[in-house]
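J.: Residues or ranges marked as domain 'PLAT' in TrEMBL: 2-121. For ASP82, ALA83, the entry in TrEMBL reads Ca(2+) binding site. Under the heading site 'Essential for stabilizing binding to COTL1', TrEMBL lists TRP106. Taken from TrEMBL, the feature domain 'Lipoxygenase' covers 121-670. Here TrEMBL flags HIS367, HIS372, HIS547, ILE670 as Fe cation binding site.
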Amino acid sequence: MVQYKVTVFTGDILNSTTLNNVFIKLVGTDGESDRTWLMGLKGASSFVRGAVSKFKVSCSTSLGNLVLIELDKQSLPLFPEDAWFCAKVEVKSPEGDIYSFPIYRWITDSKVHRFRDGKALRIFEDNHHLGRYSRQQEIHQREEDYRWDAYAEGIPHSMKAENPSSLPYEVQFSFTKTTEFLYTASTGLTELKLKGLDNCKKKWDNIESINRVFCCKKTEISEYVHEHWKEDAFFGYQFLNGVNPMLIQLCTALPSNFPVTDDMVFPHGQCSLADEMKKGNIFLCDYKRLDGVKANTINGKKQYLMAPLILLHKTPDDKLMPIAIQLKQIPSDDNPIFLPTDSEYDWLIAKIFVRSADFNEHQLNVHLLRTHLLAEVFAVSLLRNVPMVHPLYKLLKPHTRYTLQINFLARRLLISDTGNFTQFASSGGEGMFTILDRSLSSLTYSSLCIPDDIAERGVEAVPNFYYRDDGLKVWDIIHRFVQGMLSYYYKSDSDVEQDSELQKWILDIFEHGFLSRAETGIPQTFTSVTELIKFVTMVIYTCSAQHAAVNCGQFDYAGWMPNTPISLQLPPPTTKGTTSEATMLATFPDVNVTVQGMATVWLLSKQSSDFVPLGQYPEEHFTEEIPRKILKDFQMELEDLSLVIKARNKRLEIPYTCMDPSEIENSVAI
């Protein structure tokens, strides 16, 4: 007889304990053990939260190299079946070899569950018949558990689910996350001391009334916004380092529908547009995706959503200053080009319409589509097509944490017929899906890769562009990490081409995420290691850093409503010299719309206490020495960058923290 020493690690998370009987079978290249009841000295406490329990499994002869283990649990007559979260199982063979089996799964039933040794294997390397069989069984079950659903025409497909509890256990919120999210969602208005105003459908009488509401809850940056929101320099700054740094582009020729002249923007003849464009000092923001979008009706009143064009000038002191704003796409006599030399409220109201347009463009395209919906596609395709033993699964699984449930809740609480965005945003309802459809139609692979995107927009040299500076560094660190990991497992392009599971993953993404639109540039297959590395880098960057950049500052920049109105309820002025403070106040959203918007961005900005920062992998899916070292190097590079960014931020009037690796969540989880 020979003995195998088995160590079982129960996860250290709430409700991970099982009081059921647990059984194991060891399967090797030369045979398999009997199904063995894991009964140890600890008795019923062997599988309590955080327990590390040791057992022995006896066999008549050596099993050879271990290929997999089978686990199942059975309830006792007086005890109900419970859920057990097993972290991992380690087995020491009679020959002294140690095998690690990463699990990190909830086992909720009495079925037999098979788990592979931690060494990552691609399908063409998996030579053992039981290994291949367990791989096929796992994928078959995952195809049942993770089904595609078309939420609306023209947008990426999503995970089919009736409610959060119908999601597979492994992708649901933790108890902590659930409790905190529900608390924040249900008490948002109370916490902001806005209860009682959420049903007030009156207009704002004066700016002081808005100020009193704002003072109930503020951050250091939102206080800065409150003090500087009218300033042109701050207006320009937000195109670089606000929540939507994705629109600004170098302007080398004026659009034909934006007839700005030198006399308008340089009235003293100090320079010309042509010369400044040659020097790379003129920039454009064009909200053409919003043109003709049907605006919402809120509190029985028609709302207004413009599709503005903005021209900005980089000054000699490196500020980005707005010099012209046209609020509609088609030039006409009743669509004036507003200038800084206009009256105070003509110019201010023009900027307010731009900021409101930016809110809608940001929320639907930059935030919802380009991070949340794409992250869900990446996750569902991974969970449907790639088994746990695959290196891609091990690499990307941490970047799917909570994404499926947070997106389900977003569809239910924000963009459903009764959702907050639908009810209170100017693009809510029909307009919302028009914008999403247009956004997906214009989305390109290169725009998801920050080095390509920055180059295509011509903004490589814009000063004080911290989103770009920090984002490029984070991208490079992620790219080196992914390159190290995937080059370890894929030695040649043919290795990539013959990995059928990998090819199914990318094809599902192309078909369900990008609706088979070849013009996006998204690959349908992978033909090289280099191509694979870039795509996986993009996936990790999108799910972590990019989401952080467009999510974490939402309350900072939208908490003070005049800086980022969720909706506007008067049309823009058609002639100059007709506006006043009263016009501005009448244009702002009603009181209830304002406070609902504040509560929503507060919820979307609230970090959970079980936040996991980029580079931290509590679950040990990689067991080989070289991948573990690559992971450690990745973590050290991120720590070094975090220190550099923190030091830089101490010198800034407005700290840019969104791309600090210690502030970036590993996944789209809020």
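Each residue, glycine too, has its Cβ placed from N, Cα and C.
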J.: Which residues, sitting 6 or more apart from TRP106 (site 'Essential for stabilizing binding to COTL1') on the same chain, put a CB under 8 Å from its CB?
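T.: Once residues fewer than 6 apart are set aside, TRP106 (site 'Essential for stabilizing binding to COTL1') is near ALA83, TRP84, PHE85, TYR169, GLU170.
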J.: Are there any residues in the same chain, six or more apart in sequence, whose C-beta is under 8 angstroms from the C-beta of ASP82 (Ca(2+) binding site), and if so which?
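T.: Expected: THR17, THR18, LEU19, ASN20, SER75.
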J.: DSSP on the domain 'PLAT' (2-121): how many residues come out helix, how many strand, how many coil?
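T.: Its residues divide into 5 helix, 61 strand, 54 coil.
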J.: List, in sequence order, the residues of the same chain other than HIS367, HIS372, HIS547, ILE670 whose Cβ lies within 8 Å of the centroid of the Cβ atoms of the recorded Fe cation site.
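T.: Other same-chain residues with Cβ inside the cutoff are LEU368, THR371, ALA375, ILE406, VAL550, ASN551, LEU604, VAL668.
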